[in-house]
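Taken straight from TrEMBL:
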{"type": "TRANSMEM", "residues": "A:21-40", "note": "transmembrane segment"}
{"type": "TRANSMEM", "residues": "A:60-93", "note": "transmembrane segment"}
{"type": "TRANSMEM", "residues": "A:105-134", "note": "transmembrane segment"}
{"type": "TRANSMEM", "residues": "A:173-196", "note": "transmembrane segment"}
{"type": "TRANSMEM", "residues": "A:223-244", "note": "transmembrane segment"}
{"type": "TRANSMEM", "residues": "A:250-269", "note": "transmembrane segment"}
{"type": "TRANSMEM", "residues": "A:281-300", "note": "transmembrane segment"}
{"type": "TRANSMEM", "residues": "A:306-325", "note": "transmembrane segment"}
Amino acid sequence: MQSEMKIDMPAQHKKMSLKAIVRDAGIGIALLVLILIFSITTEHFLAPNNITNILTQITINLILAVGLTFVILIAGIDLSVGSVLAFACVVAGKVITIEGLDANTAIFLAVIASLLAGTLCGLLNGLISAYWGLPSFIITLGMLNIARGGALHISEAQTIYSFPEQFNDFGSASLFGIPVVFLVALLLVGIAGFVLHKTVFGRMIYGIGNNEEAVRLAGHPVFWYKVMAYTICGLMAGIAGIVYMARLNISSPIAGIGFELNAIAAVIIGGTSLMGGRGSVYGTLLGAFIIGVLANGLILLGLNDFMRQMITGVVIIVAVVLDHYREKMTTGS
Amino acid sequence: MTMLKNIGSLMLIASLCSGVAYAEEKPVVGLIMKSLANEFFRDMLEGTKEHEKSRGDYVLKAVGMQNETDFQSQINAVENFITQEVDIIVVAPADSRAMIRPLKKAIEAGIVVINFDVSLDADAKKKQNLELAFVGPDNRSGAKLAGVALANKLGAGGKVVIIEGNPGADNAIERKKGFMDAIEEHDLELLASSTAHWETEEANSVFSNMLTANPDIQGVMAANDSMAIGVIKALEAAGRAKDIQVVAFDNIPAVGPMLADGRLLATVDQFGRDMAANAIEKGLAVHRGGPELSGWIKTDIKLVEASK
Amino acid sequence: MLAASIETLATSKENNDSRILSVKNLCKNFGGVKALQGVNFDLVKGETHALVGENGAGKSTLTKILTGVYHYDDGDIILKDNIYKPNSPKSAKQSGIQVVHQEFNLLTYLSIAENICFESLPKTKLGTLDKKKMHQRARLAMDTVGLGDIEVTTKISELGIAHRQLVEIARALEFKSDILILDEPTATLTQREVEKLFTILEKIKHSGVTVVFISHHLNEVFNICDRVTIFRNGKTITTKEIKDTNPQDVVSLMVGKALEQVMAQQSNQKHFGSIALEVKNLVIPQSPNAEGINFCVRKGEIVGIAGLVGAGRTEILRTIFALQEKISGQVLIDGLPVEFKNPRDAVNARLAFVTEDRKDEGLILDMSIATNSSLASISQVSNAGLMDFEKENQLAADFAKKLGLRFGKLKDNVASLSGGNQQKVVLAKWLSTNPKLLMLDEPTRGVDVGAKAEIYSILRSLALDGMALIVVSSELPELMTLCDRILVLSNHQVTGELEQQSFSQEEILQLAYKNM
């Protein structure tokens, strides 16, 4: 029995990851279909330049969605990510334009400031909703307003501009045709995947999403794990803020309005359950791609704004419904 | 509930009585702005505050909105100003139809109403039997100025795209019309037109995709400067900054450097900072017994061109 | 009275006319799984017939076939001389077969009358609801189940669980059924309520309704049933007259000899060590008393806590485990006072708590056996915060083997396991922390008899290894089988403490009712 077990284990492991791949591939198939459609119907879709564009365009949404994956996995939600992005962006903008700093110091301080600002907002979201056990929906809705108001206040509603050249260069740099900012996002996906699937913390995130009480009774500090999830989400919004600045070379207090909805859509399309406990950050990556490819392809098709909006809505719903059936199929067998 | 409301309004009136007593001689001006998150209005409010200080013969009460389309709060603001018995209401409507009824109520209450920035819908005004002058810039001719500047640079047959503002917003509609006027008069070719909701990042994405679909674009007309910034970043990323020209609208400080080095061909200044102050001047004149205003009192607009 | 009725039954058995239902060689497959593979039994009009067997033996599948939820693949069902093949629950009802499920199907915010008449609400000529008629019908049904004193306009939400159960039965009876199937009707009831239910069942039976009684509680079966059919592995083993058999025989037929082994272990000599847990003057928030509770548990000892629902049994365990705050008093572990702020502290002090509610508090149902097994001992299977999956699987496999867990793969979700095996995973979770004190609240709730015996045997061997155990249970036979000492609580006070040689059901019940 014992030895049998041991022999069995590597095989089990393989199967497990294989099943995970099949599971994630479900939404991947939807993505491939979209890519196929656009490759046939539009002329430039597969052009290297366009692929670079798509990668650039999904970067910010992807970074926000990675953070949201943590929060949604514990059955929470963070509506404030778009505003926190703006807040972090404006704080960093103020720091980077301080007069008399040399460029490198300014950039360094700005990055730190942005990450801190985002982390702080996330930490507050987590502390407040976890401590009083309040619905994160309403707490983060409050934070949405606080962060947006903060961004407008700090910037006096002015767009902040004229950043150091090396900072701007970073935003538009690319490696073998892949935008560096996208590589940053991809790195974050990898780190998040590692954390979620290979660490105790990740295990706890899934556990809390499935049954918080059981995890608490097993002697784990559920409170801190929850706070951590929101803090990571805030940190990601801070990173997204810096990326926004580097890409567009401005800090705008009205940046990121409505971004939370696209990010949530990416997470859910990627197969993460709004009820928590189920899903993965790799699915989120695919979800972000679906949204980005769709936005890009529909413009290439030359559709008007309103048609595009409608089709985007339809695709979101179809993707989630299909995912529901696929999930049923895989667990049913 | 009604009980509470009654108590609330009683308290409001009570508090107002003291306010009115304080401002017995100076007329009270209620200023209703659009979103103060928009730096254009924010700047305008600053200009108005300076104006109040320098004139010193009126009291300013300013209200801003949550966002560009929050006309519900504007209606509430008008009603509150009526209750507060202000002398003049100066309003930049968030919705050109929804605001007509409450403003009519204000006029019937003897308040001088000045409409600025965005004109109320002419048909709706007629239906509601409302005579109201409009003090504001001509967004359409402003946009046309920018469009013509682009046309002159490109010559007839130039291929252009338009990046629009929020669908349905009056200034977005007017600016698009102005761009279209320039396109038609100078025989430009419009390849595509899409909204980016006034926003930099969205404009950047939308325009990148347009450029992929239409690599032969020669010129871009952006309905505001924020979107133009996103467009210019996209051009730089694509290495096309040299051969594609951009014009925009608003003249915010952030585009200063772009005008300086020619990345932005031209933008339009409508002197937003003074716009509300001008409207207040007009209102004060009427309040003092000056002639009633009518029609469209146009304010200054000016094309600002690249220095290179 | 009872004896007489059984006698008439016995004589009527030869008479084929009184046979209301016979099931012959019934088979049912779900994909590759053979759920039923040869079920044979018959029902005699007016009898109370028990179906017993472990979970998964086929009782619920049979019930679902009889009530039209599933179709059968092979075999025959003859209902009153006709082939019976219901294609929907509705057609089953029309044929006179009704079931009262374990889970309630009542509409909580509607009245009793509306619930009882819900399936065919009486209408007036105008097509509106005929309230008068509805109330009459409901009144009648409620009287039959002995709830004559409850207004039929009362909302279900205002009723206790026992009354809800009876309303379910009333609803089933309202539909003029010939055969009434009760699936675990006593699972949520107290002793007194059970007795009341039985009186009512007796009445129903005399009105000519055949009652099919599905239960894990053999004492109940022997109390009220005329005949018993035993299921094992999707087959019926035999049908016996109750008067010709006894619980031991029935259990042996169901599972074999496992339970007897536990009983044998009991008689082994025991060594109790030093005091592992001592509770001094513990007052919990729910207690109305100023003076607290005192007791202790020694190493190697299994202490049972008996008492009625609401006597404070569960709450004491939850307080010790810091799931709720105490008002006053002291908890000592190994003689040293401890102040736990949260379950984390309790776990760190090597306490373990198998809660009453396995699904909501014990397990993460949609996660794997391995994940659940290592949930409380994750530091053992991780390194600096990184999971060591090989170690985790090893740990889960070890405990699966030790506890005799029946499972497919370690990565299967625990939701796929039977109740007994789920409970073993809960035990694995806690035993992997190597606890000094193991507290168990209703450890065999929803666990079939076979697994029950195994769990008893596991707990006993833990005690023999020197662990201290506390068991809270509503089943007195369970406590009497398992424990070395039983503490009886009545309204948050210890009203008695019995040593093994003086265990008696009557005495425990008397003590439990003492402060009521």
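Here the Cβ of each residue, glycine as well, is placed from N, Cα and C on the backbone.
Just so you know, TrEMBL annotations never went through curation; they're auto-generated.
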Per the 3+ Cβ pairs under 8 Å rule, pairs at least 6 apart in sequence, do the transmembrane segment (A:306-325) and the transmembrane segment (A:250-269) touch?
yes
What same-chain residues lie close to the transmembrane segment (A:250-269): Cβ under 8 Å, and 6 or more beyond its ends?
27, 60-62, 64-65, 68-69, 72, 77-83, 85-86, 89-90, 92-94, 144, 148, 151-152, 154-155, 157-161, 240-241, 244, 279, 283-284, 286-288, 290-291, 316, 319-320, 323
Contact ranking winner - A:60-93, A:173-196, A:223-244, A:281-300 against the transmembrane segment (A:105-134), Cβ under 8 Å:
A:223-244
Contact ranking winner - A:173-196, A:223-244, A:281-300 against the transmembrane segment (A:60-93), Cβ under 8 Å:
A:223-244
